[in-house]
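S.K.: There's a structure below that I have some questions on.
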Amino acid sequence: MHEMSIVEGIRTAIEEAARANGFAKVTRVRLEIGRLAGVERAALDFAFDVVLRGSLAEGAAVQIIDLPGQAACFDCGKTVEIEHRLDICPECGGTRLLVQGGDEMRIKDLEVL
């Protein structure tokens, strides 16, 4: 379950931001997660409950902004939306796609006290 290590990284980033900016409590964490990032949402929710326990973000609301998968098709030259890495081009049926977005994951912002 790599979601635990993802949330551990988020906890570290929150702690570093708290030290740098002087806040004591996080009430909301907004994340941008691409559909191609390979993150299981139920496992991520569980990891947040476990990893953030006892931290300044314990009990914070977690909002996930879903980013679509995007790929460039070498066959028709279009940029298309995809759901999975091995999808075919919805425009031409081509199989030579290069992922260009939707595999990212980042903290968009924090609501703090």
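For all residues, glycine too, the Cβ spot is worked out from N, Cα and C.
Below are the features listed in Swiss-Prot for this protein:
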- His2: Ni(2+) binding site (BINDING)
- Cys73, Cys76, Cys89, Cys92: Zn(2+) binding site (BINDING)
S.K.: Quick one: Cα separation, the residue listed as 'Ni(2+) binding site' versus Cys89 (Zn(2+) binding site), in Å?
M.R.: 29
S.K.: Within its own chain, what residues at least 6 apart in sequence put their Cβ under 8 Å from the Cβ of Cys76 (Zn(2+) binding site), listed in sequence order?
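M.R.: Those within reach of Cys76 (Zn(2+) binding site), by Cβ under 8 Å and sequence separation of 6 or more, are Cys89, Glu91, Cys92, Gly94.
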S.K.: Take the Cβ of Cys92 (Zn(2+) binding site) and count every other Cβ within 10 Å, whichever protein chain it belongs to.
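M.R.: Excluding its own Cβ, Cys92 (Zn(2+) binding site) sees 13 Cβ atoms within 10 Å.
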S.K.: For the recorded Zn(2+) site formed by Cys73, Cys76, Cys89, Cys92, which further same-chain residues have Cβ atoms within 8 Å of the site's Cβ center?
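M.R.: Output for this site, in sequence order: Phe74, Asp75, Gly77, Lys78, Val80, Pro90, Glu91, Gly93, Gly94, Leu97.
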S.K.: Could you find out if DSSP has Cys73 (Zn(2+) binding site) as helix, strand or coil?
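M.R.: For Cys73 (Zn(2+) binding site) - judged by DSSP and reduced to three states - the answer is strand.
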S.K.: Count the Cβ atoms, other than its own, that fall within 10 Å of the Cβ of Cys89 (Zn(2+) binding site), considering every protein chain shown.
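M.R.: The answer is 19.
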S.K.: Let me spell it out: for each of the binding-site residues (His2, Cys73), count the other Cβ atoms within 10 Å of that residue's Cβ, using every protein chain shown. Which one has the most?
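M.R.: The residue with the densest Cβ neighbourhood is Cys73.
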